[in-house]
Amino acid sequence: MAAMEESFPRGGTRKTHKSEKAFQQSVEQDNLFDISTEEESTKRKKIQKGPAKTKKLKVETRQSSKFVREKFEILNVESLCEGMRILGCVKEVNELELAISLPNGLQGYVQVTEICDAYTEKLNEQVAQEEPLQDLVGLPELFSPGMLVRCVVSSLDTTKGSKKNVMLSLNPKNVNRVLSAETLKPGMLLTGTVSSLEDHGYLVDIGVSGARAFLPLQKAQEYIRQKNKGAKLKVGQYLNCLIEEVKGSRGVVTLSIGHSEVSAAIATEEQSWTLNSLLPGLVVKAQVQKVTPLGLTLKFLSFFSGLVDFMHLDPKKAGTYFSNQQVRACVLCVHPRTRAVRLSLRPVFLQPGRPLTRLLCQQLGAVLDDVPVQGFFGSAGATFKLKDGTLAYARRNHLSNSKKTFKPEAFKPGNTHKCRIIDYSQMDELALLSLRTSIIEAQFLWYHDIKPGALVKGKVLTIKPHGMVVKMGKQIRGLVPTMHLADILIKNPEKKYHVGDEVKCRVLLCDPKAKKLMMTLKKTLVESKLPAITCYDDAKPGLQTHGFILRVKDYGCIVKFYNDVQGLVPRHELSAEYVPDPESVFYTGQVVKVVVLNCEPSKERMLLSFRLLSDPKQEGEGQSQKKKKAVSAGQLADVKVLEKTKDGLKVAVLPHNIPGFLPTAHLSDHVTNGPLLYHWLQTGDTLHRVLCLSVSEERVLLCRKPALVSAVEGGQNPKSFSEIHPGMLLIGFVKNIKDYGVFVQFPSGLSGLAPKAILSDKFVTSTSDHFVEGQTVVAKVTNVDEEKQRMLLSLRLSDCTLGDLATTSLLLLSQCLEERQGVRSLMSNRDSVLIQTLAEMTPGMALDLEVQEVLEDGSVLFSEGPVPGLVLRASKYHRAGQELEPGQKKKAVILNVDMLKLEVHVSLCHDLVNRKAKKLKKGSDLQAIVQHLEESFAVASLVETGHLAAFSLTSHLNDTFRFDSEKLQVGQGVSLTLQTTEPGVTGLLLAIEGPAAKRTMRQTRKDSETVDEDEEVDPALVVGTVKKHTLSIGDVVTGTVKSIKPTHVVVTLEDGIIGCIHASHILDDVPVGTSPTAKLKVGKKVTARVIGGRDMKTFKFLPISHPRFIRTIPELSVRPSELKEDGHTTLNTHSVSPLEKIKQYQPGQTVTCFLKKYNMVKKWLEVEIAPDIRGRIPLLLTSLSFKVLKHPDKKFQIGQALKATVVGPAESSKAFLCLSLIGPHKLKKGEVAMGRVVKVTPKEGLTVSFPFGRVGRVSMFHVSDSYSETHLEDFVPQQVVRCYVLSAATPVLTLSLRSSRTNPETKSKITDPEINSIEDLEEGQLLRGFVKSVQPSGVLVGLGPSVTGLARHPHVSQHNQSKNAPYDRHLPEGKLLTAKVLRLNHQESLVELSLLPDATGKQDVLSAPLGQPPPKQEGRETEAVERNHEGKAKEKKKQKQKEKRTGKGQEGAQPPSKDKKEPQKPQAKKLGKRPHPESSSEQEIGNKKQKKAALSEEDDSGVEVYYREGEEAEEMSMLPKEKLTRPAEAPRLQLSSGFVWDVGLDTLTPALPPHGDSSDSEEDEKPEQATQKKKSKKERELEKQKAEKELSRIEEALMDPGRQPESAEDFDRLVLSSPSSSLLWLQYMAFHLQATEIEKARAVAERALKTISFREEQEKLNVWVALLNLENMYGSQESLTKVFERAVQYNEPLKVFLHLADIYTKSEKFQEAGELYNRMLKRFRQEKAVWVKYGAFLLRRGKAEASHRVMQRALECLPKKEHVDVIAKFAQLEFQLGDAERARAIFESTLSIYPKRTDVWSVYIDMIIKHGSQKEARAIFERVIHLSLAPKRMKFFFKRYLDYEKQHGSEKDVQAVKAKALEYVEAKSSMMDD
């Protein structure tokens, strides 16, 4: 029975007596919520009466379930009633009405007079004036599709077809009629319309009597900027308004329409909503009461109940709802009679003010096959799933043709049906379907399905004087005007047509928006086979069609076609004979046949003729010959395309339609453009200015080549051989190609031969390689034979140059691109959206794409283009070396559009995607990189800016052949001269290529870590390699050791040949940890065997068989085993290539390798196994010790021999082996390995990655041997952890971080043992676990990764035994609990637990009985406390979670009062009543928190600080507010880590004061207001004195000079008192930046620059640097450049350059930083600081070689006196950032030249102490104290030596240094005595 009672929603409709009705009505007015209580008690009494009422009870139960089903029925028109308030969405906007989408697929309409009273008044005023008003705008400007609106059903009109039209009203007076001025509260969300514009804001009509609403301008600015596009609000504009303040006495309401405030608005109990006043669109917090298949019942605002039907569940959470679940819901409608409230859980409704996404109507009317059923809901209907994944819905009456044929079993989930989309419901985000056969087979469903010119069938509905109405479907009506009932006018149409007759019509006009359809029944038009003209673009000259005369005038006839297209037949075209009076011959409505003479679509003008042209196919032969005489060779004419053939186009020569043929090759001068034009030309297209080449009996041969047309027009067309003489240059085309030469024909028909010998300046192997048939060429006549009518021609470029090659090149390029643009125009006329989109795409356009597939050749295919089906491709080169995966989002730039293959070539290159805005100059010479190649032109990108430019690959019509060596390649560098500075319609700049000598080699995209880049060449190897040698493999040679390096030894052989011995070829058995090269000494004679050689240029190790071995550096071996070897068995292994050799190494194999260096950037050790085999040891594979991983350079020495295990080829390059020093080559169960944290998932665990390419997961049960709720907070991404592999059975490893696993030898204490299965548990065992969830059956506690226990309700807490106890508030997921195992069920794997104190020995999990009110507090009524206890419990839980997260929480801290709203700005602080003082212990806790907050702030900056301050402010609100507002204790403005000017503005972190709301919550205010009326006179006097004291205290605070600035006015006062203090100005800027007010921060900076005195140069520079920082972070590159240029003008340029370089570096804009440093090196080449900073920059980026080159350049540019300092600086940098060995070499070289530079010695000593060993440090001290220096300097070094030994040495070492100093003093004294 309890369940039955819950099923009754609020507001039932059971029958009641009149007295009972009256009683309920009075109760509702007093306390609406007592009804449910009385009903429950009544029902309980009935139950208690005993078995006598059992039968009646069953009936009641059945009725109640039926009642629930009725309530869950979806809305229909019958369930609506007048006055019902409902939420809707604007679907369509027309001039006079709005179409509103309502829930459950309903639709209503709002008339233009139902917007608001002010708008209606404006309309009436406009009608009265008969002139449009300026301040009155139409509905399309006030409303847009997708807007959510609150409506009221104003009327339900019934049409003739018994269909109801739902008429709605948006007028606030109707919508908000249920509210009164007294019920308005701050925080309420209302809707209103703008009624007028005032000086300081807007008056808003909210429709509440007795209340006036005002919207201040500042509260509307955000909305105006974001939603209104900067325009002011208009009268009638619909707004979602939040009440900010209510002034009760005058009824004035202050509103806000800010997006953040409105979207966060939520209805609360404090706002005193009732069922009568509840408005649609309100967002409420609700609790799920019951879950049914049809939907949910919710409880909200404590007392109200509501329904959520299946359409309005959250699609992502459907099926997961459970009882007592807390959700947020939106009110959809409230029925005024039944009081039923319907709600929605869809996320889109939970943010008020957010518009709904507009559904695409492309498929509207589409018939779909095999659509599967997703769910069947009985009488409500069924849902279906479409192919694209979207949901669709069909009502019950649309599931079958009739009720009799309906079969419910046919709609089981998964069954498929044929259906048709009939509409879209935006409110439900669903497509509406119908399965009715009549609808599926209907020709048209909606007006937009009907196209002008289409044939349609319909039934006569009515016959009226103005025409006949025809019905063509359920929704479609059309009109046949009286004029169109027949070919001639009929007087009595009712005699010919009858109601119900089926008629066949042709559509004249269809306007879907206006639902206007006009048709014709004229037989000639209906049965016409001629093409119909439906738009002006269809009207091609020569087209014949039917139309009807609209008007007859003196000047001719106006003929109308379809879709309001009309044209004029001039008087002289009415007939072949003169027509004196057109009105006597023609009449209106007459059907006529016309031919199009001319049409201008842009002007909508068309010229027609009744004098029909003859069809050439039907002409007689004699007439045809007669017309052909009208065309002669050399004549220009327009042609119309008739048909396409294999080789060209069949055309008709206009105006006489003479048949002709236009070959494909003759469409263009450019060979590639001919097929392109042929492909896109269509039948009916007209080509202008076509040249007639020849006229024969069969056909007329035509040509469209612009070069030939220009030659004919220019008179360069000799018609006979007598007009031709040697030396003439003629333009023709290749007619035929033979082995011996090429025949060229000219426009007049003459032809000549170009022999092979003079065909080209280049050697001609095959004539067909140089020319193709139909190609346009320029020929020079070399010989003429008039008798034989022959001539010889030359096609060589040197003979046929027409002028400047550069000009010709540009002309050819322009012509080629212009023709391609013409092709785009042809494409844009096609119906296909794909082709139209391709036509609009031009090079240089940026696209946001998604990677679809990476092909085997390295190229990439993309999806997510502008239209589906578009092929977008990036070549391997244009991947720019990026690692891509399917689904990855990328930004790309279009390079070229292939209009034949319908492909778009794009590039991901960084320089192209991030194009720079720089002004270009015409004629400037620029470097460019070739990005794309076509046959006739190339597309290149300018190096400086990234702009795309096109340049011709040919400089002449004959210039078509290139040898392979001359051909350009993608990536090759070229020099271009710009001819245009702005890209035209083609999207490309035009340019001319410079000399070919300026071309550079192709820029290959290669891996940043290749063998070539890593190869470091020993300078000793470069010397002496010029000589050839006669050595061969196996020869034994002798030599002298020249130098010793860590991994190799350089040896000088006979005849000065240099050889090399690798560390692996010195000893047979190398002890681990030793350096083999140390065995050899400089000058020692060695005997070695030649085993290979290194190339002189590349220094790569070459195999034996290499042909250039005689010019290599011999590779030697001194290993005893190889020296004793007589044969070549050992040596033959060196003949294998390195890559093949690497493949021979097997994973798990142990090798000896030699450390070359530690790569700090890539975090690996680089080692050499052999001269040609190198490897990498990732840092995580070097050791299991965290100490070693932290400082690997201290553990491993360069040149040291290491034993390593082969893992496999390196991931980044197959030229390297991946090695490991910790043993295993693959991860398996039981292994311990080092990994790196990739992700930390709260309440779940960690994800860890390994160098082996594997990934593993660590459960929260395996993080530590002792559980903690916060132990996951100790981990951050990229942190190194030691892991134990528990399982490797799946691709994702199972790991453990427990010390008992990773360090078993430590024998650490195990507080919480591992629980992997139920077998690990025993009954009575005490253990700890984490709360997983709270279920109706009890609390689920996780005991291990796969073991979960259940604590049933009686075993959870001793305070409450109810099953419905809200434990989830007190036992959140992840909470750590101690439990006792009560029972184990091994068969069902069930574990029963107890959490009770007597079982666990711990405190009760619930500190107090649930539902018990907290202790009564001062100044509060008990009622308010009880009512708000639940809300406070939530706030307390949130606060505890925040304290846990930030690490600042303390036990016993007072939770804050329930906040009404989070303030948006830190400065927004209201003064109000002061709270009661708190206890001293709470104050101490607050002080601790404040100190912690201040400490944590020092290590952070920027935006993060801003948000942290927001959190701290919330926490500080827990402190006594008296303390917070005391000015003496207000926190001061703080700067993190000192004041450094070259850091970002975000490090300036003003410690803004906490912005807690000083007034109490609304719950506290109500009782105080109630008691305020009852105060005595004495109390009022005391209150007045108290208020005066508070006011004086505030005034004192404002006068305090040390007061913390809280607003812009405060900062203005400060900068007024100290105008030249940059610190204050920067704090002012930071204040604005933290509020994201970028423009205001800029304005402050500009004020500072104007205000600060010109004498304060440093202060001004500080502001300039801050402004640069601001523009770098928030501005564009252009704005940053402008500020930088200004800063350089007003400050010392070098300082500004250096600051900007640092800004770029710190913001990781390394490319910009590099470019800036290059500019600085050119401008400040005499400044050593620039060179040193650039060197440091490169070293930090890992570019050591580049840094070395910079040092060499610095020494060339700087004066000699600076050299030593620069060298020392670079050496210092090498020690710190680069190779320590190289740094030592630089210092040693410098000190050998300048041995008395004590400053260099001092720096060298510092570096050795810091980066070297103690042995090295003592060695250098020994050297320096034996130098011959001045005694004063020697004293300095002795003192340093002594200090060093005191710190690092023993007492013996200290005494030794003292003895040496004494010895030095005695020696000096004896010398002075002598």
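Using the three backbone atoms N, Cα and C, a Cβ is placed for every residue, glycine included.
Swiss-Prot lists region 'Disordered' at one of the ranges 1111-1130, 1351-1370, namely 1351-1370. If you look at the repeat 'HAT 4' (1812-1847), the same-chain residues 6 or more away from its ends with a CB under 8 A from one of its CBs are 1780, 1795-1796, 1798, 1801-1802, 1804-1805, 1853-1854, 1856-1858, 1860-1861, 1864, 1868. DSSP assignment over the repeat 'HAT 4' (1812-1847) gives 28 helix, 0 strand, 8 coil. Counted over residue pairs separated by six or more positions, the domain 'S1 motif 10' (1034-1107) shares fewer than 3 Cβ pairs under 8 angstroms with the domain 'S1 motif 9' (844-909), which leaves the two as not touching. Confidence for the domain 'S1 motif 10' (1034-1107), expressed as mean pLDDT, is 81. Touching of the domain 'S1 motif 6' (542-611) and the domain 'S1 motif 5' (453-522) is concluded from the presence of at least three CB pairs under 8 A, sequence neighbours closer than 6 excluded. Note: the repeat 'HAT 1' (1602-1634) comprises 23 helix, 0 strand, 10 coil (DSSP; helix = H, G, I, strand = E, B). For the domain 'S1 motif 1' (83-171), the DSSP counts in helix, strand and coil order read 23 helix, 36 strand, 30 coil.
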